Amino acid sequence: MPVVPSYQTRLPQKVIPRCVTVGRFDGRSDTLACAAPAGRIMLLGPGAGAGAKSGGSSSRVLRPEPVAAAGAADVMLLNMGQAVTALAAGRLGEPATSPMQDLLLVGSAGSCLAYDVLNNADAFFRDAPDGVSAIVVGRLGRQSGVGQLALVGGNCSLTGYDRSGNDVFWSVTGDNVSSLSLCDFLGSGGNELLVGSEDYEIRVFQDDEIVQEITETEVVSCLCAIQGPMFAYGLANGTVGVYERSTRLWRIKSKNTPVAVFAFDLDSDGVPELITGWSNGKIDARNCRTGEVVFKDQFPSSVAGIVAADFRKDGTKLLTIVRSFDPVPTHLRATLLETTGVDSASSVHSLMQTRQNLQLELHNYEENAKAQLQQQRQQTRTAAPAAAEKLAGSSGGGGGISGLSGAASDTASAIPANTQVQTSLSVDLAHKPAPCVCLRVATTNSTAIRAVIVFAEGIFDGESHVTHPPASRLGASLDIPLYPSKCASVDLHLKCLVGPRGAAQFHVFETTRSLPRFAVFAPVAPEAAAQPAGFVRFRLQERLQRVAMWINANFLLAQEVDGNGGPLDCRFVIGTDNMELAGELVTALAGYLGLEDLASEAEFPGLADSLKSLVDRISEFEAQRQRLSGDMADSSNLVRGLVVRAEDARLLGDFVNLKKAYKDLRDLNRDLASSYSMRAANQQALSESLKALNQIIQRAGRLRAGRFKTQAVNDCRAAVKASNLGALHKIIRSGSA
């Protein structure tokens, strides 16, 4: 599919990756917004300068600065004064009652701003102690009466703001939010919130309830809704793939990092393609269901973002590629692409390439067969004289002929037709240097296993592992130690090289084995382990057989649990001092049994002390931050006075006072730099404490299911806002205030 540039322009500054968006800030025309270093935002389009031309700024944060880019259209620069970490655009509220123009949502390390470009004013400005790392605008699930929200992801937290800046939605995640997207995941006609985080998880929120969790192998750096329940994702290790609900359709991996994924219908067939922009400047378009590449191109610099915009004002949105920088110094290029139809020459070239690859593969097979036949003939000629001599000197010639046939077959690569490869999993607590999950690969006869290649996500570095014992230790079985780092179900894809001992060629057997979610745990005798002081307990009404099936499916047991018995109506207790593990067990059990609502009680040693320490530290850091901010504001006022005094002394020729003023400025500047370093360290410590507190709230929610989980999270947030430590501890223990 050939694609050619339709429009190109230059921007005056470098673009921050993933901080690119398009909005109709005047209500009519598309305007490109890109974040630049030093807290600046570039606006390119007809609606960029409408507010600045209408009069002075009403914004307390952004200051317009018209700048003309060399050889390009005019660009409006907005100066925020602090580094931009996230950028989005959209209308907030109900479409029938809200203004027609989009708002520009700007996130930084400590605030979230909604800026009205048309009127050059702030719609709202909110402090964000958890920071802002991702923003998406849209309607969330069953949130009625509030319309579209600005959904903000930060340090283990999610917040939804309406047009007035009220936080009408709040929830927690397991780690820092790295990407957000809205998608009809459940197929109900409403949007669910997809949240990618730094703990390698993709969580799906229906309102404030998690309905699905998908574990990946790296930080989820980008998410994109495609069509219906389909969505694409990109990981920090170079992986890009597509899910349809919880089923992965395909994935690919590159040595480069995906910067942006975007769904766009390149060929106008009604089905969008997945457009991926990479850190090395490559752009490719793939079929969303198969992953087949339908178009690719290479730019000389890294891609910063991908959007769709109608810059030509003809009603047709074109694919817009924004590059981070350009080989021309201090410039970058925004390119719009359009398709030109079917490229028959490209199709013929692709078919010829496929034919050439198949011919090369056939030639390799023929050469291997010839080499094997020549080797067998050479071995037969070498063994024939010795066999004839032995046959002539022996009255029982049958043994000689039998020995010759055995010698020839030993060196061949053939194996018995009934050869199979079998696998088994077990927990080896005595393994050195550390206990492991032992994967045993064995053949059903005396053939040897020369090597085993294991492909698994999240277990090995690079997602693959090769085991090839020395020739002296070849056997019919091979043990491979596995060290899973997380409690997650993983499919192990194995390729085993099997053949006779001493063979030069081997048969490849492919098999798949599923590693249970809690495979790292092994049953021990009650007297061999100390009784944990922590626990979570809940009432369970379920058939005993289903509970036994869950245990057998999620743990590695030497003997399966017998599920014979009638209905189970009892108090189910999970004993562990690890709150995170308890939450994972409860979540897995509730999901397997299909429990929509589950209330529980919990107790964990040291939790009250940890909460008190965290709350005290957060209060101390917040007080210190306010004090440092006040001191820096006072110092800034002194700087202004000293600059005026120095300028007066210069005009009057009073060089003594001029020197003194500049000396005071130097000392004051040193104090400001020191205060800034202290404030940055304070902010980092505050963020880490808030993250730890949010993680405790998230784990407390995972001890329940359904509405009890939602209630626990909301009550915990209310207790934190009220600084009610006793209520917070009670909620975590019982699930409600």
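For all residues, glycine too, the Cβ spot is worked out from N, Cα and C.
Residues 369-396 are the range that TrEMBL records as region 'Disordered', among 5-32, 341-368, 369-396, 397-424. Tertiary proximity for the domain 'BBS2 C-terminal helix bundle' (707-733) is limited to same-chain residues at least six positions away from its ends with a CB under 8 Å from its CB atoms, namely 170-172, 207-210, 597-603, 607-608, 611-612, 615, 619, 693, 696-698, 700-701. Broken down with DSSP, the domain 'BBS2 platform' (522-573) shows 14 helix, 16 strand, 22 coil. Each residue in the domain 'BBS2 hairpin' (608-702) gets a DSSP state, and the totals come to 93 helix, 0 strand, 2 coil. For the domain 'Ciliary BBSome complex subunit 2 middle region' (179-286), the number of residues in each DSSP class (helix H, G, I; strand E, B; coil) is 0 helix, 69 strand, 39 coil.
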